[in-house]
Structure formats: structure tokens, C-alpha cells
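To start, the structure itself, in C-alpha cells.
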Amino acid sequence: MIQNVGNHLRRGFASMFSNRTSRKSISHPESGDPPTMAEGEEYRNPTEVQMSQLVLPCHTNHRGELSIGQLLKWIDTTACLSAERHAGCPCVTASMDDIYFDHTISVGQVVNIKAKVNRAFYSSMEVGIQVVSEDLCSEKQWSVCKALATFVAHRELSKVKLKQVIPLTEEEKTEHAVAAERRRMRLVYADTIKDLLTHCAIQDDLDKDCSNMVPAEKTRVESVELVLPPHANHQGNTFGGQIMAWMENVATIAASRLCHAHPTLKAIEMFHFRGPSQVGDRLVLKAIVNNAFKHSMEVGVCVEAYRQEAETQRRHINSAFMTFVVLDKDDQPQKLPWIRPQPGEGERRYREASARKKIRLDRKYLVSCKQAEVALSVPWDPSNQVYLSYYNVSSLKTLMAKDNWVLSVEISEVRLYILEEDFLSFHLEMVVNVDAAQVFQLLSDLRRRPEWDKHYRSVELVQQVDEDDAIYHVISPPLSGNTKPQDFVILASRRKPCDNGDPYVIALRSVTLPTHHETPEYQRGETLCSGFCLWREGDQMTKVSYYNQATPGFLNYVTTNVSGLSSEFYNTFKACESFLLDNRNDLAPSLQTL
């Protein structure tokens with residue numbers, strides 16, 4: 001019953017390429033929908049594109065391994081073809097999310113790339129990509145990396161409004177649901193770094209005394225590339241993958257100047273294309289080592305474009321940050337020299353590199369926590385609040401998208417579903433005669449939950465993190481068999497719909513705060529994944545769905561109520577309905593500001 005939370009969070013990202021066939025018979029009578037599948041025919045996403053490339057010596061670096069720049073070009077091409085298959089018109093690369101390279105690819109091996117559109121917004125879409133290497137002699141395969149790219153449909157004479165992606169399988173539904181949350185993350189990425197530097201103490205080591213420090217200026221690289229027709233698409237715009245390959249090249253040179261060795265690229269922070277470039281443009285690529293840690297270094301790369309030599313204004317095309325290591329003969333990372341940044345801008349880049357490293361480590365911790373080994377709650381602080389909020393909402397959406405919920409009982413139009421996988425979850429559902437936005441406001445404020453839920457004795461707002469996230473301290477009555485009341489420290493993350501058909505979401509999970517340690521007075525309880533999803537069901541009608549993934553301390557209570565078909569769940573949910581009906585016209589300022 002105990003779930004490995006790391007696997008659970010990663011499943012939402014990796015599931016889009018599961019080898020399982022989730023549906024064998026799919027019917028869509030409406031015109032414009034995907035064609036009907038014959039019985040026994042394997043389903044394939046209509047936007048999926050596959051590319052296989054044999055790695056030749058001309059594709060490799062000094063180690064006989066596939067150049068990451070070449071791989072980025074293949075990834076971008078495959079993803080672009082998938083985007084254009086959905087859009088029906090030319091598409092350009094807008095961004096590429098963080099990429100972590102887990103395995104190298106050698107000469108003679110085959111690179112298999114799959115790409116498919118996860119979700120379309122107005123004129124942009126998210127494309128999921130998986131890269132696997134294959135040894136043809138041994139028939140072994142290795143996962144190389146996964147990536148998420150954003151493409152924009154581009155038609156010169158008119159705006160493009162993309163048709164919606166229709167998710168069919170459980171994996172597609174999960175990716176479709178979580179794509180909106182990832183889009184939100186991309187939009188706040190720059191602000192996240194800025195806030196971290198402003199409000200958090202980042203260890204920068206600028207005052208350390210090291211005699212072997214290398215001045216950052218010694219690693220600076222500048223290169224110019226002329227965009228020629230082979231570098232561009234049929235509209236004359238430079239391929240995003242080509243620009244990324246040029247960026248990887250100058251970054252590798254900068255890294256080599258620090259370590260005096262051949263570095264290996266391990267990760268790339270988000271590529272963000274600020275504007276297009278065309279055939280005839282000159283692209284100036286600049287790279288410098290921003291910071292060097294014990295076994296890794298961050299290289300910043302900037303791309304600017306100009307048309308004529310006489311131009312004084314250059315267009316900022318792209319920026320990215322790449323993490324390199326130097327491997328010894330046993331493929332273990334070697335110790336690197338320290339870097340001495342230039343005063344001013346160099347020190348800013350130095351500190352930002354430390355902030356990005358902290359974010360990477362926080363994110364790695366969030367996805368690797370093992371429920372059986374550590375507490376379910378994870379530490380909350382300003383440095384990880386964005387990612388913790390993201391995983392909070394994504395976990396609930398992943399649970400919601402599961403296909404194998406089983407109806408356990410229905411009483412007076414209140415339905416109870418259960419899901420048994422590696423853990424036990426339950427889901428309550430009803431329709432209320434209240435507008436969805438009002439339901440969202442009323443249920444978002446946990447301070448009002450004791451008005452209808454007897455499991456919430458009192459609720460204190462500890463911190464209003466921002467408009468969408470708040471932290472509460474909850475006191476609950478003791479469960480059967482316990483003498484002490486329980487207390488919870490809960491992060492509540494709320495989201496409004498991204499598109500028509502999306503639900504309102506209120507996601508809840510436990511966190512730990514230094515100001516609210518466990519005390520002898522209470523037994524500390526934890527919730528890993530719970531919350532509400534609210535759908536509009538017409539004028540002034542809302543479908544209210546509550547989800548809860550049973551944690552070990554709550555498990556006995558849940559199984560008792562489910563197996564015994566207890567009316568306790570039903571009574572609580574009906575009390576929620578009465579609360580919503582009685583307060584549907586309540587527009588108190590405290591609710592409006594949530």
C-alpha cells in the first residue's frame with residue numbers, strides 16, 4: 001500500500017511513452033475525431049513521429065560518442081514534425097525544457113526518437129520527446145533523455161488557432177492535464193530565479209581564498225555563424241536545433257578552457273527562443289563559465305543576431321545554461337578548479353548559477369523521496385516553493401487521470417470510487433447547484449472547512465505564499481485507537497482552468513516548516529496527495545470530485561469506511577453540499593483575495 005513517491009511523480013512525466021496499449025478499441029463517431037480503431041489493432045497517437053538514426057563517425061566527438069549538438073538537431077526535427085502534423089502548418093521552436101542526459105551513445109549504435117503533442121493551447125503546443133539508444137548487436141536499449149518542447153504554429157498572413165488534442169489513453173490524459181501546470185512553470189521561470197536571489201541566502205563562496213582560481217574571463221568564447229539555406233526551414237527561419245547545436249559547441253569550448261580537458265555535457269537548463277532568425281543573419285554566440293562547483297560547472301551561452309555589419313542593434317535570440325563534468329577513465333566526475341568571476345555582471349552570473357544549482361537539487365529531492373524511507377512531508381522554503389506547488393498540483397492531476405477507478409457505492413447521487421494500485425486511493429463525486437467559480441472560492445479557503453468537515457477541528461492560516469498557494473496548520477480529532485488529536489501542516493495549491501473543459505483544482509499535501517515542529521500535544525499526520533477537482537456542468541451546476549491517496553496513518557480508517565460502506569464519507573460530502581448551497585452568494589473579501 002505504501003507508494004514510492006519518487007516513482008509516482010516521475011510516472012507523470014515518463015508515462016507518455018509507456019509500452020502498454022491502454023485501449024484496444026476506440027470509437028469516435030463525431031467528425032474530425034481520430035478514426036475508429038479496429039478490434040485488436042494497436043492504438044497509436046495521431047501526432048506521434050518516430051526517427052531512427054545510425055550514429056556515424058561524422059556525428060561524434062573526440063570520445064567516439066554522439067555529439068549532443070547533433071542529438072539536439074535530431075530531437076528538434078522530430079518534435080517539429082510532430083507539431084506540424086497536429087497544426088497542419090509550419091511551426092517554430094519556442095522553448096525546450098531542462099534536459100538531463102542519462103546515457104551516452106557510441107558509434108554504430110542507433111538513436112530512436114519519439115515525439116508526440118501532449119497538449120495544444122491557442123497557438124502553441126507542448127511536445128513530449130523520448131530518446132533511446134539501441135545496440136544492434138546485443139539488442140540492448142538504454143534511455144538517453146526525455147525532453148519537453150514548446151512549438152508555435154506560424155502562418156505569415158493569419159493567426160493560427162490550434163485544434164485541441166483529444167487524449168485517449170491514461171498516459172495521454174495525464175500528460176494533457178499536467179501540461180497546463182508545466183506551461184505555468186515556464187512562464188514564471190525567470191521570476192523564480194529572481195525571487196530566490198532576493199529572498200534566500202545563497203552560498204556563493206566569493207570570499208574563499210583559493211590560490212588556483214581561474215579568472216572567468218579566461219573561459220570566454222565568442223563565435224559568429226552565418227545562417228545559410230541548409231540551416232533553415234522552407235520559410236527561411238533558422239532551425240531551433242541548429243542554433244542549439246551551435247550553442248553546445250561554444251559552451252564545450254568554454255568548459256574546456258576551465259578544466260583543460262574534454263568535458264561531458266550532463267544537463268541543459270531551459271532554452272528560450274526570444275525571436276526568430278533568418279537565412280542571411282549573422283549569429284554571435286557568446287559563452288563563459290559562470291560558476292564551478294566541486295564536480296560540475298555551469299556555462300552560460302547567449303545568442304545575438306544582426307543582419308548587416310553596419311548594424312549597431314543586435315537582437316537577443318536565445319540564452320541557455322549548460323552543466324558539464326569531466327569524467328575519468330572510470331566515468332567518475334573529477335574535481336574542478338574554482339572560478340573567479342569578474343566584479344559586477346560576473347558576480348551576478350556567479351550567484352545565479354548557485355541559485356540554479358539549488359533549484360536542481362531541491363527538484364531532485366522532491367522527485368526522489370521514498371515514502372517507505374522518509375517522511376511524506378517535504379521541507380518548504382522559498383527556494384523550492386514553485387516546484388513543490390507544481391508537484392502538488394501535478395500529483396493530484398495524475399491521480400485524477402487514472403482509468404481504473406472502480407465504483408464502490410452510490411448513495412443519493414454521491415458516488416464513491418476506489419483505486420488499488422501500489423497504494424489505495426478513494427474518490428468521492430457529486431453534482432451541486434452552485435457555480436464552479438463560487439465552489440472554488442469556498443473550498444479554497446481551508447479555514448472554512450471545519451464548517452462542514454468534522455475531521456477538521458480548527459485551521460490556522462500560517463502563510464499566504466502567493467495568490468495561488470497557502471500553508472495551513474490543521475488540527476483534527478484523534479482517529480480510532482489513538483488518544484491524541486492529529487495535526488497537519490498542509491500546502492494548499494489552487495489553479496483556475498487553463499482552457500474550457502479544464503477543472504478548477506485545489507491540491508493539498510503535507511510540508512514541514514521550521515516554525516511548526518511536531519509537538520507532544522499532537523500526533524503529526526501527513527497527506528501525500530488529496531484535494532478537489534471542480535468541473536462546470538452547465539449553468540450554475542458543478543461536479544465536485546474529492547480525491548485522497550491513503551497514507552499509512554490514515555489507511556486503516558479508509559479501508560474501514562470503504563469495505564464497510566460506511567455512511568461517514570457520504571455524510572461528510574453531503575455536509576459539504578449544504579455548506580456550498582448555504583454560502584453560494586457569500587462574496588466575503590477574504591474569499592475574493594484568495
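Glycine is treated like the rest: Cβ placed from N, Cα and C.
Some features that TrEMBL has for this protein:
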DOMAIN    45-157  domain 'HotDog ACOT-type'
DOMAIN    217-330  domain 'HotDog ACOT-type'
DOMAIN    430-574  domain 'START'
REGION    20-41  region 'Disordered'
Under the DSSP assignment, what numbers of helix, strand and coil residues are found in the domain 'HotDog ACOT-type' (217-330)?
26 helix, 51 strand, 37 coil
Across the domain 'HotDog ACOT-type' (45-157), what does the pLDDT come to on average, as a whole number?
93
How does the domain 'START' (430-574) divide up by DSSP, counting helix, then strand, then coil residues?
34 helix, 54 strand, 57 coil
